[in-house]
Amino acid sequence: MRVLGIETSCDETGVAVYDTARPGPEGLRAHAVYSQIALHAEYGGVVPELASRDHVRKLLPLIRQTLAEAGLTTADLDGVAYTAGPGLVGALLVGAGVARSLAWGLDVPAIGVHHMEGHLLAPLLEDPDLKPPFVALLVSGGHTQLVGVDAIGRYRLLGETLDDAAGEAFDKTAKLMGLPYPGGPQLAKLAETGTPGAYKFSRPMTDRPGLDFSFSGLKTQVLLAWRDSDRTDATRANIARGFEDAVVDTLAIKCQRALDAAGCDTLVVAGGVGANKRLREKLHAIADKRGGRVCFPRPALCTDNGAMIAFAGALRLEAGQSAGREVHVQPRWDMASLPAVQPATA
Ligand code: ATP
Ligand code: MG
Ligand code: FE
């Protein structure tokens, strides 16, 4: 089954074709992402209305480009998957409207995909042998969650952030030290040149039981450290390193707790912060020590992309699920409410 995937939940237009006849990364026939970063940079954050309008401009050309790269035409498609939520309502409606109309015109089924399920399943696109049960750490710009995955489509929330998401904390911390938007990846790059231990920040909520997170206090600690410092480039790098180590340690401590609680040794990491080099190294070291495994998508599939939507949509379409004919989006959507994915013949 060849499925077109469309992602427009925020500030990236993502399109991909996934072919279930070729399991694993080979199934990804083509994918392309257009980032609106430059458009929003002068505002220091995503402007929802500008995001919607840019998706309108970019989506159709990107679909044509992706199909051409895959050597396919719309007639080769067996289904269309789109991000139905969570996300910005106007941005979601652009993708959903195009996807639903295309599927109707081609007389193929369409499916609305949960954006975080897309992130969560991206590591399975890379590794077809990876199967539930496992624990997933979702770390992105809008979410920080630990999820118990009993089966594909059966998700239990084990813990989540009470305030800022990990990616949001990276972005806000970068901004307050004067790094240009979006600062997360730049802060991580700067941290590589910083001296470990020069600045020591707390590991929030690790001193008590539980699997929830809180990152907003860390941002305040950085603000005070930066304010009272000499503000040189070297100090900025040292603070960046101290901040990154605090976030990575905190995530790692909670991941170990979640694995212990679940009696499980497989950890799956997804979302933009999953591209962070130090987080990848730390979680690999922990997995080696436990004799377990940790799986990440390649960095390009950690941040928003159409491939994860095509893949997650293909699993659901193959199971016989599909959306109605109306254009329906859910800006807020609880992942635990998703239906399980079962074979159509069951
Ligand atoms: P959500 O998926 O929750 O709706 P989103 O789609 O905006 O949010 P993603 O695209 O998954 O989030 O990830 C973007 C986030 O990842 C940003 O906050 C960015 O700063 C962060 N990020 C990307 N690369 C890195 C990195 N190397 N180190 C730390 N953070 C990173
Ligand atoms: Mg984005
Ligand atoms: Fe995302």
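Cβ from N, Cα, C; glycine included.
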**Listed in TrEMBL for the Fe cation site shared with His115, His119, one of Asp304, Asp334** = Asp304
**Complete:** Of Asp171, Asp265, Asp288, the one that TrEMBL places in the same substrate site as Leu138, Val139, Ser140, Gly141, Gly142, Gly184, Asn276 is Asp171
**Request:** Determine the minimum-neighbour residue: among Ser140, Asn276, listed as binding-site residues, which Cβ has the fewest other Cβ atoms within 10 angstroms?
**Result:** Ser140
**Message:** I'd like to confirm something. Which of the binding-site residues, Leu138, Ser140, Gly142, Gly184, Asn276, has a Cα closest to the Cα of Asp304 (Fe cation binding site)?
**Reply:** Ser140
**Asked** Counting only other Cβ atoms and using a 10 Å cut-off, which of the binding-site residues Gly141, Gly184 scores lowest?
**Response** Gly141
**Same-chain residues at least 6 apart in sequence whose Cβ lies under 8 Å from His119 (Fe cation binding site)** = Leu138, Ser140, Ala270, Gly271, Cys302, Met308
**Request:** Go through the binding-site residues Leu138, Val139, Ser140, Asn276 and pull out the ones with a Cβ less than 6 angstroms from some atom of ligand 3.
**Result:** Ser140
**Among Leu138, Val139, Gly184, Asp304, the binding-site residues whose C-beta sits under 6 Å from ligand 1** = Gly184, Asp304
